[in-house]
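Data block below; observations after.
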Amino acid sequence: PLPKRAKRTYLAMDLDKEVIGYVVPDATEEGIQYVAMRNLFVREAREALEVRVEKKTRTTHIRETAERMELGKTMEEWAEFRKKMNPDSLTHPPEFIVKPRGQTVWEGNTVKLHCTVAGWPKPRTAWYKNNVLIDAKARPEKYTAESNYNMHSLEIKNCDFLDTAQYHVSALNVKGEASYVATVVVKNADVEVEGVPVAPLDVCCHDANKDYVVVTWKQPAVEGSSTILGYYIDRCEVGTHHWAQCNDTPVKYARFPVTGLVEGRSYIFRVRALNKSGVSRPSRVSEAVVAMDPSDRARLRAGPSAPWTGIIKFTEEDATAGVVPGEPSDVAVTEATKSYVVLAWKPPVQRGHEGVMYYIEKCISGTDTWQRVNTGMPVKSPRFALFDLAEGKSYSFRVRCCNSAGVSEASVSTGEITVGDKLDLPSAPGNTVAIRNTDTSVAVLWGASKDVRHLVGYYIECSVVGTEVWMPCNNKPVKQTRFVCHGLTTGQNYVFRVKAVNAAGYSQSSPNSDAVVVQAAISIPGKPTGVTLLEAVKDFMVLGWNEPASNGGADIRGYFVDYRTVKGSVVGKWHEMNHQALTTTTYKVSSGLKENVFYQFQVRAMNMAGVSKASVHSASLECKEWTITVPGSPVGLHVLEVRDTSVVVLWEPPAFNGRTAVNGYYLDLKETSAGEGGWKAVHEKANKKKYMKVTGLKAGTSYVFRVRAQNLAGVGKTSAVLGPVLAQTRPGTKEIYVDVDDDGVISMIFECSEMNEGSEFVWSKNYQAMTDTSRLTIVNEHGRSRAIFNSPSLEDLGTFSCVVTNTDGMSSSYTLTEEGLMRLLDISHEHKFPVIPFKSEMAMELLEKGRVRFWTQVEKCTSSCEVEYVFNNVIVSQGKKYTMNFDKSTGIIEMFMDSLEVTDEGTFTFNLVDGKAKGTTSLVLIGDGKTTSILMLYTPTCPHFVKYLDFAVTPECNVLLKCKVIRVTAILSIKCNTMWFPWAVNNCLLFVLFLLATSSSDIKVLSTEHGIVLYSNVTYYHEDLRVGWLLKDAKIAASERVKSGVTGEQLWLKINEPTEKDKGKYAMDVFDGKDGVKRVFELTGQDRARVVGGLPDVVAIQEGKSLNLTGNVWGEPVPEVSWIKNDKELVSDERYQLKFEHGKFASITIAAVTTADSGKYALLVKNKYGTEAGEFTVSVYNPEEEDHKEGKKD
């Protein structure tokens, strides 16, 4: 009888944990002996184990199985019951709240794995590397494990290639176990020696045998400063740390046969690249390989044999003695390079039971002499690599077998084989094409290499245009002919090239691609949002919508509107409303609409790449005339200058103003996650501007915004919601800053590193397009825009903003205040007229033997500073009388004179020039007992004044003190008398004030958005120069509406919201020290153009009637008058009669009005002092249609 199941097998393991065979236990059953099988492989180990086997009937087996199933079910029910009755319901198995994440690090760095585990009782954690427990306490220099408050971490220090592994953390408590795995990859760090190659890649082992293996690898992406000369292969026996180099001479091929291995042992391999600069770092090690016969390896992988089918009896046979093996067959050259030749053959059929080994012989072509290659030791593998062969020569090879009985006959010769490379280098790839992909990547395509064998792949390189420095784009070769290169710098110009690689080496590089700018590829824009109704009349509707969040990398060129009818729950087909793209986010829909019919609308955006998908359609909107008095919803909401804590929101006025004009706006915001009750007002008072900067935001929080318009009747509906907007400063965002260059030029500078193709800098003032281009000069170059103030003055006060088009909202602003302007003007003056500072003014010292030293010291100077030595306005130079010295390191300037003579009386001056900076210091040698204090060394005659000390003020407001003294032969030092000096200063100041007062220009007037400014300019302003303003010979009192002041050299008077009372004769009284200088300006008769009355807000008129409206106009000079309907200027013709009489009355007459005459009208008046528009709405109705509607309602 046979057993019911196959008996358990026992694997036999060697010291390296490699399976070398299996044995079967010895068992006894009913007198039949089972004999253990002999070891199937090279080892002759035996193992015996006695197992008693009981024979059971089928009935007994079924009954025992049923009993076990019943018992298991009972135990499960009992366990469930105990689980329900467990009073400790808080216990639960471990659970990973935060799982460890895999990481990639550079060699030599430290990496830390983190996780958070929950469970009760508190789980105990353990870390494993490739399923081997990590003992951090045993290796503190390598590992640090920490556990605090359910947070666990493992720190791996000084990572190397051997640390590349799978790390898993296991958490265990009484309720169960949980584990998670994270992979750590250690990459080659940057090469230590400049110019050496990077490490080779993907080292693998092939064709392993008893003492032989073939090692292959992939060439690195970077060859270094020169081409790779070859490779070194290293081996290491598993379990040791000793690396041995396998080849003395570097091999060029990426393939090498390694011989001399010990049978049954495991090895790992690594490769190093060599060029002229040195040897690279080692590659990552290969997987371990065992040196053993392939047939044994195959049986090992197959595992145990099938279950027994009967009694196996095994008897030991004696080895056949005296049998000489036959000759090998099929000897052939499998690989041939300049460095080596590999032979392969088949073992002989006749070889006995003890195994065979081999001798290899070679013969040089043209001779009959055979030489044994491996004379010392026969090889066990049917493979052999021959080195040290002469390149270009031809050889023949043959093989003999041997065993203890003798050596066989030689095999058939291979024939003549020439030593040389059989594998050629690949040809260069085809043309390379680079295509824009994203802001940091480019897609590269190329033609495949032709006539290439055993292609490993392609390497792609990139270079910034103009640098000639090539950088690798991929670390491993790719076999496709398309690759996306990531990590590029946005806005830079790159060129690309490709080279192919196989085991023989690298090909020539492909031709360079055309230069391409790294920026996002253009795609169709996103969907518009927020389609809403802004105004409705019985035969037309005004729609508004928001721009799409993404423009697809190109400016939006226009929009298309579709509509469909809605009757109850039935909707019609979509129809195109406009065939030409709209350039605004509002549209007056007039054609095809019927009164009291419901419609739905959708909008699509268009850029140069195409048309977007349709927006979400609007709600069902009825085409009927609005009768509301409050304004409609503001439109065109968008944001600029998004930062961590602030954002600027902008909008456009509503298309429908209501009964009166819009006089303010309210801005609301809320966090995106908040409900409808989360809306908050940003400000309390109405904001008259069409923009507002919102501050106090939380960084990283998303917000939505809405705006409401207000007129005299009340506050209108809210606009479409804008957002969500994330309060976060984009990386690389820069702010506008103000610069004053060396020439004193004041400018604002904005830089952007994310310029795309077609991007432009657009400057605005107070977030409106600048109409006066004479105030600023814009210079753009290389991602940098500079706005230069041509003539900085009070007219330039305000908020300047700059937006970069074709980007993701790159923008910034700068607010120029009056205080800031004055500070900049002071800095500008310092830069225009720099002064060299002196530590001490010129002094004189008397030295030995009558020598005299004139000297001074400056605080700082450059190496280019030059000194001009002057005596009585004549430049003196070094010679017998004068000796000069200028020590630029200390700033000391000296001039020596051998002696003083009568002719040396006068003024000695040092004039310094250091670039644009200038400095002057002087010393006067004169003497007079009344006006000076004199140190007299020698006085042969009495000196006296020809011209007494006096002063003069130049047009530049410089004060010149001057006098003339003769017959002075003494050395003098001068000091002003305390009685004379105040008189001189006082008179000098009065004269200066007189010059400043008389330099004031005539009064001019400037019109601003708030009112007017009267101003006059002086050459220089001094604090003692008092200014007073008068109106009709009465002093003007300062108030919130009327203010006066000084900015730089400008004297001004501001009048906000001027009225009729502000007209008259203005005078500016400038104190000159005596009587004063007066400048007069007549404001009477000069006023900006205005519409002062006569026009209603809304006109409702019956169809067929005539409409006549007259507006009262004011302004001096007389304004220019024009009439506008729906933003289009009207021309006087048979239908529209336009008149302007007496310079005050402008009228419009429309005979027999129709419904087509309904719309928004405006009377526009303009002169050189300003522009104003009087707007009103005309609504034409048909009484018959009104009665018909009333009848339907009844």
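Using the three backbone atoms N, Cα and C, a Cβ is placed for every residue, glycine included.
The model shown is predicted, which means the values in this text are computed figures rather than measured ones.
Under the heading domain 'Ig-like', TrEMBL lists 94-185 (among others). Residue counts for the domain 'Ig-like' (94-185) by DSSP state, with H, G and I taken as helix and E and B as strand, are 3 helix, 58 strand, 31 coil.
Residue counts for the domain 'Fibronectin type-III' (199-293) under DSSP, helix first, then strand, then coil, are 0 helix, 43 strand, 52 coil. Per TrEMBL, domain 'Fibronectin type-III' is recorded for 199-293 (among others).
Taken from TrEMBL, the feature domain 'Fibronectin type-III' covers 327-422 (among others). Across all of the domain 'Fibronectin type-III' (327-422), the predicted model scores a mean pLDDT of 83.
Summarising the annotation, TrEMBL assigns domain 'Fibronectin type-III' to 428-523 (among others).
What TrEMBL records for 524-626 (among others) is domain 'Fibronectin type-III'. Sorting each residue of the domain 'Fibronectin type-III' (524-626) by its DSSP state yields 0 helix, 49 strand, 54 coil.
Residues or ranges marked as domain 'Fibronectin type-III' in TrEMBL: 633-732 (among others).
Note on the domain 'Ig-like' (724-817): DSSP counts are 3 helix, 45 strand, 46 coil. The domain 'Ig-like' feature in TrEMBL is assigned to 724-817 (among others).
Among the features that TrEMBL reports, domain 'Ig-like' is placed at 1101-1179 (among others).
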Problem - Recorded stretch that, among 199-293, 327-422, 428-523, 524-626, 633-732, has the most CB pairs under 8 Å to the domain 'Ig-like' (1101-1179) - result: 524-626
Completion exercise
Helix, strand and coil residue totals from DSSP for the domain 'Fibronectin type-III' (428-523) stand at 0 helix, 44 strand, 52 coil
Problem - Helix, strand and coil counts within the domain 'Fibronectin type-III' (327-422) (DSSP) - result: 0 helix, 45 strand, 51 coil
Handout entry: Structural state census, the domain 'Ig-like' (1101-1179) (DSSP three-state)
Key = 3 helix, 51 strand, 25 coil
